[in-house]
Amino acid sequence: MSTKVRALTRYYLLDQLKYLGWVYALLIATFALLPALFALISGSFTAATLPNNLSDLGVGVIFWFFIFITMSLTYENFKLCIQNGISRRTYFKARVITLLLLSLIGVLIATIYYFGVTANFQHHSALKALLVQPYGGLYGRFFGSNVFINIVGYVVFTWIFMVGTGLTGMAIGGALSLLTTGIRRLVIVVVPILGFFALILIANISSSRTYPNDVDTPIEKLFKFLIGYNADGAAGSFNPTVPVITMIIGCLVMGAIAYYVNQKLKVKN
Amino acid sequence: MSIQVKAVSQAFHHQTILDNVSLTIEPEKIYGLLGRNGAGKSTLLNIISNRIFADHGTVTLDEQSMRDNDQTLGRIYLMSEVNLYPDRTKLNKLLDTTTQLYGDFDRPYAERLAKEFGLDLNARFGKLSTGYRTIFKLIVAFCVPADYIFLDEPVLGLDANHRELFYNELIETYSEKPRTFVISTHLIEEIANLIEHVFVLDHHQITVNGSVPDILERAYTISGSDHDVTTYTQGLNVIGADHLGGITAHYVYGPLQDDRPIPDTVKIEHLDLQKLFINLTNTKEEAHVN
Amino acid sequence: MQFNFNSTEPIYLQVAEQIEEAIFARTFSEGEQVPSTTEISKEFHINPATVLKGMNILVDANLIEKRRGVGMFVVPGAQGRIVEKRRNQFYDDYVKNLVSEARKLHITKPELAQLIERGFQAK
């Protein structure tokens with residue numbers, strides 16, 4: 001790693017961790033302290049109010065939003081870099097390294113919080129807590145009976161997912177910054193609408209069955225393949241290999257797009 | 001040892017901004033980059049500092065391409081009208097960041113300059129007035145470890161006292177640590193004696209490129225009665241004219257004809273840089289309009 | 001030191017002339033330090049290289065000298081040398097013009113001598 005990549009990575013990591021701290025503080029204030037305060041005023045406050053609120057925070061979901069938004073601020077960060085004699089490639093490298101480290105930190109915090117705080121308050125065992133998670137519901141038993149190993153699997157799986165989210169943010173943020181203001185606004189409005197219609201279309205196609213009920217449509221087959229569906233296994237024992245490979249391919253594609261638009265970044269007057 | 005701009009062309013929306021521009025910027029010299037609004041000065045500086053990519057041509061520093069290159073980009077600094085610093089960040093923090101990313105930064109000097117200019121380093125960048133934004137960017141420009149410093153409109157929003165202070169500090173820091181400054185400004189009179197070498201960018205091309213004394217040596221005011229002046233300057237490169245009462249002045253850029261007798265009624269003097277610039281960049285516009 | 005710069009002569013020559021004038025007028029006396037390149041440069045916003053070029057003319061003329069690490073000093077006898085130089089120029093610069101103008105005005109030689117006498121007395 002060159003000196004500049006290291007210096008820039010260090011800068012970003014510290015900067016992002018600071019913001020993440022603020023986001024968590026805001027999360028606690030909004031969803032735990034404020035409701036507790038209202039409860040206090042309305043007289044429904046009990047000893048369990050605050051711990052209950054605290055145990056229910058969506059730390060992982062918030063982090064998911066955070067990593068997407070912070071990584072989509074491609075142009076804002078680029079400006080400071082080019083002013084300080086940093087090349088686009090160094091900028092890209094530092095951001096990707098930051099994303100990898102920050103995602104791991106974020107996932108670990110969310111995991112520790114979930115299994116350490118939330119699960120405790122809900123009086124769930126580690127296994128139960130894992131299995132009620134979307135990941136656990138599908139793959140929670142894949143690595144056998146050792147809960148810890150399955151939790152590690154969960155961490156790795158979620159980490160890759162967060163990295164993919166961040167790279168998608170980078171690609172979208174970078175691509176949008178290459179457009180002129182007018183076209184950018186148009187894209188921001190039109191693309192979600194098109195996406196919505198596309199979803200309806202897909203739903204229609206997949207629900208209009210021309211196949212007998214016991215035979216899957218091609219889309220159902222594809223979907224089952226992608227999530228690693230296993231007809232014989234019970235819930236929690238699906239195979240995460242295909243989804244992991246799919247996510248990694250997704251990361252590489254998004255990373256390639258993000259790199260491509262990153263190299264085209266330029267200062268706007 | 002130099003920055004070489006070779007055959008750089010740039011267009012935005014099919015409109016030419018730079019047309020085949022080539023120039024060399026040498027170490028430890030003070031340059032003036034002059035041009036009227038829209039002549040392409042900022043675009044040229046943006047290309048050199050790799051903020052934008054040229055459509056054609058190359059920029060090198062010591063024979064190394066400056067395209068996406070940490071080694072070369074770390075040796076230059078462009079202070080521009082465009083604000084690239086985040087609004088919500090405090091100046092002290094920005095100095096920290098600059099230190100981290102440039103690798104070296106004269107912090108004591110920056111703090112001394114801030115005090116001299118009356119700039120509060122605890123303020124946020126976005127809260128500063130135009131003048132103080134300029135001052136902050138100038139302070140960074142003076143304190144980064146760059147060999148080539150580009151100052152695009154360095155006195156924008158500065159009052160007379162701050163301008164004086166800026167010129168003094170520029171000379172002070174240049175004398176102590178010689179490095180190249182390229183100054184792009186509209187206030188030509190203020191830098192006329194400060195710059196060693198001048199580039200004039202006019203209608204997307206470099207029309208003047210030379211040392212200031214050499215260029216002024218070739219610039220003349222020929223004044224006297226209309227008839228005599230017109231006769232004398234026939235065939236010379238007349239770049240402009242003024243008339244006041246019966247007196248006519250022709251501005252000539254280029255050699256005079258030595259064998260031509262100078263009538264007693266005609267006076268020949270040298271032009272100053274500002275007047276030369278105005279006349280050089282005026283004529284073409286008139287031709288353009290007609 | 002008060003500099004009056006005009007725009008028509010190269011700046012480095014003007015720097016040399018102004019310092020020479022100051023030595024001649026004993027604003028800087030012999031053995032005394034003259035302002036540094038940077039000081040002059042800052043005061044008048046002139047490129048330090050230009051100021052140095054002007055100073056070097058005076059160094060070459062043996063009017064000022066560089067003392068390592070200290071600065072530029074007026075050489076002993078500099079004022080006298082400037083007076084000497086200007087005396088030599090006096091004939092070319094003034095007497096020739098005086099006589100040629102006098103001829104145009106039909107002023108005779110004794111008349112001119114008388115006028116010069118009057119000039120001395122008026123003082």
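Every residue gets a Cβ built from N, Cα and C, even glycine.
Note: TrEMBL annotation is automatic and uncurated.
Quantities reported herein were computed from a predicted structural model and do not represent experimental measurements.
Through the fold, the transmembrane segment (A:21-45) approaches residues 53-54, 56-59, 62, 66 of its own chain, all at least 6 residues removed from its boundaries and within a Cβ separation under 8 Å. The transmembrane segment annotation in TrEMBL covers A:21-45 (among others).
The transmembrane segment annotation in TrEMBL covers A:57-75 (among others).
Annotation comment: TrEMBL describes A:96-115 (among others) as transmembrane segment. Within the chain carrying the transmembrane segment (A:96-115), a Cβ under 8 angstroms from the stretch's Cβ atoms is held by residues 1, 5, 9, 12-13, 16-17, 20, 57, 59-60, 63, 66-67, 71, 126, 129-130, 133, 151, 154-155, 158-159, 162-163, 166-167, 170, 255, all 6 or more beyond its ends.
Taken from TrEMBL, the feature transmembrane segment covers A:151-179 (among others). Long-range neighbours of the transmembrane segment (A:151-179) within the same chain, counting only residues 6 or more positions beyond its ends whose Cβ lies under 8 Å from a Cβ of the stretch, are 60, 63-64, 67-75, 78, 95-96, 99-100, 102-104, 106-108, 110-111, 115, 126, 130, 133, 135-136, 139-140, 142-143, 187-188, 240, 243-244, 247-248, 250-251, 254-255, 257-258, 261-262, 264-265.
Residues or ranges marked as transmembrane segment in TrEMBL: A:186-205 (among others).
Look at TrEMBL and you will find A:242-261 (among others) tagged as transmembrane segment.
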